[in-house]
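Asks: Attaching a single structure in C-alpha cells format; questions to follow.
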Amino acid sequence: MTETTTYTLIDGKKVASDIKEEIAQKVAERKQAGKKIPHLAIILVGDDGASQTYVDNKVKACKSVGFHYTMMRFADTISEEKLLKHIDHVNNDDDVDGFIVQLPLPPHISVERVTEKIRSDKDVDGFTNHNFGSIISKKPLLMPATPFGVMELLRRYNIETEGKHAVVVGASRITGAPLSMMLTELGHATVTICHKYTKDLATFTRAADILLVAVGKPGLITAEMVKEGAVVVDIGTTRVEGPQYPKGWAIKGDVDFKAVAPKTSYITPVPGGVGPMTIASLLFNTLRATELQNP
Ligand code: NAP
C-alpha cells in the first residue's frame, strides 16, 4: 500500500474569519434596516487567568462584527443562589439576545443548575438540555458551539459525511456527545463513540473514515491508529509546559500531528483548527438568537 504524502490542512482561522465577515455583513444589513443589533452578555465568575483570556477573545470578536456586548463580573465568593437570580434577571432583559456563563465555575456552584437556568433561546453556547435535545429534532435551535464549529469546517471543506464511518473519541456533554448526535442526525454518518471505557481504542480509530478526537490527552492518537486517507479533526486543547517551547508552553492537540498528517486526506492543526471555530459559532448563535427574538 502506498502512503498518502499530501494532505489538506483544514484552516480553521480562515474559515472562522470568513464566518465573522458574513456575520458583520448581516449586522450591517440589520443596522441599515433599523433592526436590533445583536447583544451578547458574558458572565464571568472569579479571576481564573485562562477564563479571562477566553472572555477577552469573545469581547474582541463581538467588537469585530459590530455586536453590542456586556461583561458581567462576579467574585468567586458569589453564592449559587445570587448567581441564579442574576441569570434570571438576564433571561428577562429584552435588550440581551444571548448570554454565556464562562466555565469553569467555583466548586460550590453547580454547573448543571446554572446551565439549566439559562433560557434556551438565549443559550448561545448551546449547553442547555433543551438545545442538546433539539439536535435530534433535525431542527436544532442553538447548537453547541464547538461541535457546530466542527460540522461547519467539514461542510465548508466539502467533506462528505453521509454514509461515512465517523469515529468520535471522547463523549463529554459539551463536545463529544453532541458532536456524535450532529454527525448522525445532520451529517447522516454512521457513528461510533469511544470513551474512557473503550477497550482497544485503535481497533475503532483505524476503522474511521472521519476521526474526531475530543479528549484532552496530547499524543493519544498515533499514526498506527489512523487509516490511510482518513479525515482527522483534533478538538483537544491542552497547555503543555516545557523549556523547548519559546514561550515556555505550547497548546497541543490529542493527535500526534507530525506523524499522523501524512496518512490523512484532511487534518486540522492545533492551534488554528477547531479552536477559532468555537468563537465563530458563538457569534453565529448570537445572531441567530437575535433573529429568532427580534426578526
Ligand atoms: P472532558 O469533559 O474532560 O471530556 C473528555 C472525554 O474524553 C470524556 O468523555 C472522557 O471520558 C473521555 N476520555 C478520557 N480518557 C480517554 C481515553 N483514554 N480514550 C478515550 N476517551 C477518553 O473534556 P471536553 O470538555 O470534552 O474537552 C475535550 C478536549 O477538547 C479538551 O482538550 C478541551 O480543552 C478541548 N476543547 C476544545 C475546544 C475548542 O474550542 N478548541 C472546545 C471544547 C473542548 P470520561 O468522561 O469517562 O472521563
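Note: Cβ is positioned from N, Cα and C throughout, glycine not excepted.
Pasting the feature list from TrEMBL:
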BINDING   G170, A171, S172, T237  NADP(+) binding site
DOMAIN    10-125  domain 'Tetrahydrofolate dehydrogenase/cyclohydrolase catalytic'
DOMAIN    144-292  domain 'Tetrahydrofolate dehydrogenase/cyclohydrolase NAD(P)-binding'
Asks: Compare all C-alpha positions of G170, A171, S172, T237, the record's NADP(+) binders, and send over the largest distance in angstrom.
Replies: 15
Asks: Report the mean pLDDT of the predicted model across the domain 'Tetrahydrofolate dehydrogenase/cyclohydrolase catalytic' (10-125), rounded to a whole number.
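Replies: Overall, the domain 'Tetrahydrofolate dehydrogenase/cyclohydrolase catalytic' (10-125) comes to a mean pLDDT of 97.
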Asks: So if I draw a 10 Å sphere around the Cβ of T237 (NADP(+) binding site), how many other Cβ atoms end up inside it?
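Replies: If we count other Cβ atoms within 10 Å of T237 (NADP(+) binding site), we arrive at 19.
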Asks: Let's check the environment of S172 (NADP(+) binding site): how many other CB atoms sit within 10 Å of its CB?
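Replies: Its Cβ shell of radius 10 Å holds 15 other Cβ atoms.
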Asks: Among the binding-site residues listed here, G170, A171, whose Cβ has the fewest other Cβ atoms inside 10 Å?
Replies: A171
